[in-house]
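> Here you go, one structure.
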């Protein structure tokens, strides 16, 4: 996922529970399903939490934020310990005001909130919590499939409704310096290695980057879509510095992506096309191993769609002189690519085997208008229609709906 503005990860508190503040987080319920070939799909009483940086993190006993336009307020946070002593995180009680709504097994994410004549940009990002509400749900997807329904019909050019996996810690990095943990959305990381004010819930007083493996199952709007693994040659959250955070560093920032339009299938995905984004459809992603076991080596990432009861095979495209319809070692074999230098599918598979956290978000891109996803050779959108100012003016109701999120044995999550 290529963010142009770093999403902030928050700190939180030290030894006493008071450091978490007096307002508990609401954690909207979102039913998900775990599936097996033998027993079908079982309901899970899971919930979501907004990223910690969305929460108000302030100096204890005051309304003074622990961050400013330059990052951490160094008067409050001169070092990690003092930062943890000083800063408190407040829970969020009204998720709708942050663009997040759930109903049974459906999650709706809104980009904008309209109040009277005013429009506020929100860009919410949430993580899936386990049934205990204290830890993230850890998805182990080797030789498994992940499936969801999506309504992307209002996601115009320049928007990105994303569903992806991050190798965060189950606890959100909970520690003596971070008593908030996953319950308050701490611990975010991805393959872009951004330098954020907080890392694993602790003040980033040394200005390091936060890296981890990232599996972009779904980055899309109504006009284009991408499926992209981003391996790193590290395990879990890794704090980078200098060149280790850059394009030649520990993570593959670009990834090895499968975008049907970008690979030549220009009539496959979009309004009124084979996968018709005017309507809701189902997305199935399979993580196949070399020996068809959950302990094998990741060898292929396959994609299927289902719409109006019909299974739609992934677009068959030409790459490297061959017809391909999935992500394999051969597909990603570009000479000198960071993907292969950093371990490729095998390394990505290690993270999928250890367990990854599900993140869901909506955002737009003031830096490049999301052209890397849907413009130029990647999609049909022109150079300016993804401008967030234009989207806000013309499409203030842009949103994404994810529903019926389920995962389990290959072939167990859909009818075929």
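Placement of Cβ uses the backbone N, Cα and C atoms for every residue, glycine included.
Swiss-Prot feature annotations, pasted as is:
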type     : residues : note
ACT_SITE : 214      : active site, nucleophile
ACT_SITE : 219      : active site, proton donor
CARBOHYD : 45       : N-linked glycosylation site
CARBOHYD : 104      : N-linked glycosylation site
CARBOHYD : 117      : N-linked glycosylation site
CARBOHYD : 135      : N-linked glycosylation site
CARBOHYD : 233      : N-linked glycosylation site
CARBOHYD : 278      : N-linked glycosylation site
CARBOHYD : 292      : N-linked glycosylation site
CARBOHYD : 382      : N-linked glycosylation site
SIGNAL   : 1-17     : signal peptide
> Please work out which residue of 214, 219 has the most C-beta neighbours within 10 angstroms of its C-beta, and give that one of the active-site residues.
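Per the Cβ count within 10 Å, the most buried is 214.
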> Listing them in sequence order, which of the glycosylation sites 117, 135, 233, 278, 292, 382 have their Cα within 10 Å of that of residue 214 (active site, nucleophile)?
none
> List only the single closest residue to residue 382 (N-linked glycosylation site), chosen from the recorded positions 45, 117, 219, 292 by CA-CA distance.
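Answer for the nearest of the recorded positions: 219.
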> Sort the recorded positions 45, 117, 135, 219, 233 by C-alpha distance from residue 278 (N-linked glycosylation site) and give me just the closest.
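Given the candidates 45, 117, 135, 219, 233, the nearest one is 219.
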> Going along the chain, which residues six or more apart from residue 135 (N-linked glycosylation site) have their CB under 8 A from its CB?
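For residue 135 (N-linked glycosylation site), the qualifying residues are 129, 170, 171, 172, 181, 182.
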> Counting Cβ atoms within 10 Å across all protein chains shown, which of the glycosylation sites 117, 382 comes out on top?
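Output for this query is 382.
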> What whole-number Å value do you get for the CA-CA distance of residue 233 (N-linked glycosylation site) and residue 292 (N-linked glycosylation site)?
24
